Every structure is written in C-alpha cells, then in structure tokens.
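Copied over from Swiss-Prot, here are the features:
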type    : residues : note
REPEAT  : 321-355  : repeat 'PPR 2'
REPEAT  : 466-496  : repeat 'PPR 5'
REPEAT  : 502-537  : repeat 'PPR 6'
TRANSIT : 1-36     : transit peptide
C-alpha cells in the first residue's frame, strides 16, 4: 500500500534523526529550491505521492507563539506593540460599531484578521465587559464560525456566568454541547463560585453534574486530548494506530483540525496522523484540515512537505485560507524566505474566494519585506504586483508611500524609479503629492541621475511633473547644497508652467544662495526673474535678501545699493518697505550719504515720510553717531532741516545726554 511506503520512509527518517552521533551533513535539512508558484497555472504534472522526509534536529516551536493578525505579519515593529494593538483595535471596533458591514470594513481597513488565538485574547480582555464580549462572539459565530474553538466557547461561558447572565450561560452551554465541546474545569470553578455567592444552588448542582458528564463523554476537546497523548507518547507504529482506532471515535473536520494543530510541536507526527487517518478511510480531508496541516508544516525545515501539501490541497479543489497565508508567510519572512513568501502569495491570490485572498495590507507588508531584503529582487516585486493587479486590485498612493518609506530605511532611495516602473505596468500613475515626495527624496539625497530619470519617466508616460513636484526638486537640491542643479530645475519649472506657483521654491533658492554666502548672486537672480519672467517674490524673500545684503562686509562691497534698489520693487509688488535692517546698518557703519539715499528711496510725491526721517536721526544719535546725524541734516532739504519735530529731536538728544549706549561718544 502507498500508506505503508510513506510510513516506512517517515519512520526511517525518524530513526536516523535519533542516532547518538550525526555527521554535520545529516543534520542539515535540504530545502527545495524549486518554486511552487506554478501550482496556480494549468498543465501541472501529476501530484507526487511520496514524501521525502529528512532527519529532524529538534522539535519545532509552538505555533501559539506566531502572530495571528495581518497587522503583525511581516512587521519590522516590536512584536509586543503589534500584539496589543490588534486586540485593542478589535475591542475599539466592537465597542463603537454594531452593523456587520461596518465592522467588517473597519477590520479590513485596520488590517486585522480574526483567528482563534486573537479571538481568545480579545475575550479575555472583555471579561468584565459582557455586552461587548457578546457582540464580538456573536459576530464571529455568524461571520467565521470556524474560528470558534472549545477554548473560545469556554471563555465566553466564563464571561456570561461570571457576570450573572445565567440564562445566556445555559443557552450557550446547549449550543456548545451540540458542537461537541466540553466544559473546562476553569469555567466550572469560576462560574461555580459565582453561582454559590448568588445563592443559585440548583444552577450550581446542574453545573457540577454537567462537568462530571463531560469528563466521561467524547467531546471534541476530550477526544483530542486522548488522541494527542497516544500519538505524542510513543513512536508511531501499529500499536499507536490500534490504540487510536480503539477509541472508537467518529473523526469529523473540527476534531481532526484540532488534533493536527495540537500536534504542531511535532510536525512529523502531525503529518503521520494526517496521512494515516486518510489512508485508513477514517476521514476524508477537507479544506479546513488541509489548511491546518499546511500551517503546521509551513516552516523552513519542512518546506518540501509544506509545498507538497499545498499542491495536493489545490489539486483537490481547496484553497489556502487567509489564516494559513498570514501565519506561514510571517514565518517565511522572519527566516528570510522572501521568494517562498511570494510563491505563497501567488497561490493565495489565485483562490476563487475573495475572503481568502490576501488583503491590501498583506500585499503592502510583502512589498516592504521585498524592498528591505538583503538584495532587492525586482523579479519578486514584479511578480507580486502582477498577481495582485491581475485580480482587479488597484495600486494606490498610500501603498507606494509606505513601500518607499521602507526603501529609504535601508538607504535605497535611488531605486525608487525601478519600483515606480513596475507599478506603472500594473496601471499605477502617481498623484501630484507622490510625484513631489519622490522628487524631494531623490534630490535631497543628491541623486541627480535618478532624479533626471524620474523626470524623464514621467514625461515619457505623458504625465509631466506638475509645478509642486518641480518645486520639490528645487527645494531638495537646495537642501543638499546643489545650487547649480536647483537653478536648472527652477528655470525649467518656470519655462514649463510659468511663475504662478514658483514663489516658495524661489524663496528656498534665494535662502540657499544666502546660506552659501552668495548673497549678491541671489540679488542678481531675483532682479533677473522679476524683470524677465515677472516673478513676484514673497515678502519674506525680500526681507531675507535685504537683511543679508546689509551685513557689514557685503554692504561695503555694493550690497547697500542693491538692498536700496529692492525697496521700490517691493512697493510695486504691494509690500510695505522693510526698513529695520537699514536702521541696524545706520546705527553702526552707515554713512550720511547712504542715509540720504535711503530717505530718497522712501520718498513719496517728492517728500520722504517724516516718521522715517525722524527714525533715521534718532537711530544715529542713540548710537552716539551725532556727527553723522548732523552731516545728514546738512544734506537734507530745508523743509526737513526746519521741521519742528526734527529740531526738537536734535535739541533733546544732545551728545552728552543721548550717548547712553556708547559712553565713548561723549568725547566725540
């Protein structure tokens, strides 16, 4: 028989793995290098019936330690935060919402998949909140009844009984019994104490009788315990098979699934049981049990056997369940088996049931793992995008944003264009905001060639970079100190779209020139853009440039005259004059002739503002520059020299009274 053949191979493998001395070679389990992505395509060869098993070094860790929600899958964040986040998210959703569709959409958008383990953790946290617990339990019961195990039922009984909901407690007991689940001692003790405290003697007696009968019956939980004890205790053989048969139990899907999952710590024995029960005609495997076996074998050491089970399951017309995908792909990514994770993604996406297809969040997490791998394999990226979009799914800005963030985290921003090209083949066109983000990240990192390639790529796609994206290029080059390239991009932007939205990027350009001590070049740039392209700089741009032109060294070399020439341009653009830097200049080094030039620049209808005149004189005299103030007064026209306010200022701020800031001025 075929069963006898694979059993002998399994046992032979087991004996070899328990020899006292092993060669280094015998301790290494070979991992098939073949891809099983072809399983989803027609023309697949006949299913291999024999299982090639290799020696095992140690039992596998319990699957209970694996992540149960999509939000945890592939994540590079700390595990503790993710686990608590999934439970908190579920509790928040069921505390706020009541509609089935609302809840389903919220769970999907949060990237949470309800599994048996996650359901149990949520119920434990809701022990003192029976209303939300009932809502949550009822929703799972209707939406995913297969995710309710004996432990889940017992936890719900504990909540109902512990909160005095006696009728609902007994109602759930009846439902639970029909499903073959038994009452746990923990529930008996907890609820029994509550019944006794509330004086519910008849209910207490009924509870005790129920537990006694459960200990003697063939509930799924009890049968599972007995089968697992037999299988785990001894080496597999005729005696083990006979003892399991002698239990005289009817094996149903939930029971077989439970046993296989319980044997997770011994994957080899789980597979022996799985094969034997089918070959012995005790049970015909279905989608539920195949997936349970796949979850147990979905580990690096059992890769070949996992692949065989998946092929067999698909050939039988069954699909990879979402929980299987999440658990196994998580393990694959944790052990750097990125190619195998993509293979599994292709198979899971090929399923006809949308509820079993990996979610957009799953897809995003897989792409993030691909781009942060030791070597970025664009073929894997392309395969994942292709199979995802083939199912009618759309690629989004939020997806690309998340993937690019991961790409930057491993300092591969220069490969952004490669990702973008692959996504374009999937029908994706980046929005203006995404264009800006990509342009900024490339130029800030000084990746000129890649930035040029990005611009060319967008133009060849018939989608020229919009003004915001071009501005981001300019800003990025400014931040990286590449002023020449920043200027080229700015002029290209103005040539393509005009100056309507160029004011912010122009300010960045001016500031970058100033920071590079090229202030006068910034002035020339502003003058040229205003004259040639009718650019209207921001008021803040004028302020920054004027302030920098009036620094001591630059002002002496012609900066003062240039700053002065900006005042009428500011006025033409509707901005008030910015005179504070001029006052600072006159208080220290400004000459009387320069002050007169400033007053002329501030003249309106042939008369300067008297308030400005008074401020200039006062600034000079407060700084003990009385001689410069007198020289300026002598250069002013009569209407200023004879102005009462001016005369009063000079009378009250005589040298011996006004030299408060510079005592040495008293000797001037």
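Don't overthink the numbers, they just go from 1 along the chain as shown.
Glycine residues also receive a Cβ, built from the backbone N, Cα and C atoms like all the rest.
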Reported mean pLDDT - the repeat 'PPR 6' (502-537): 92
The repeat 'PPR 5' (466-496): DSSP-derived helix, strand, coil residue counts: 28 helix, 0 strand, 3 coil
Summary of DSSP states over the repeat 'PPR 2' (321-355), given as helix, strand and coil counts: 27 helix, 0 strand, 8 coil
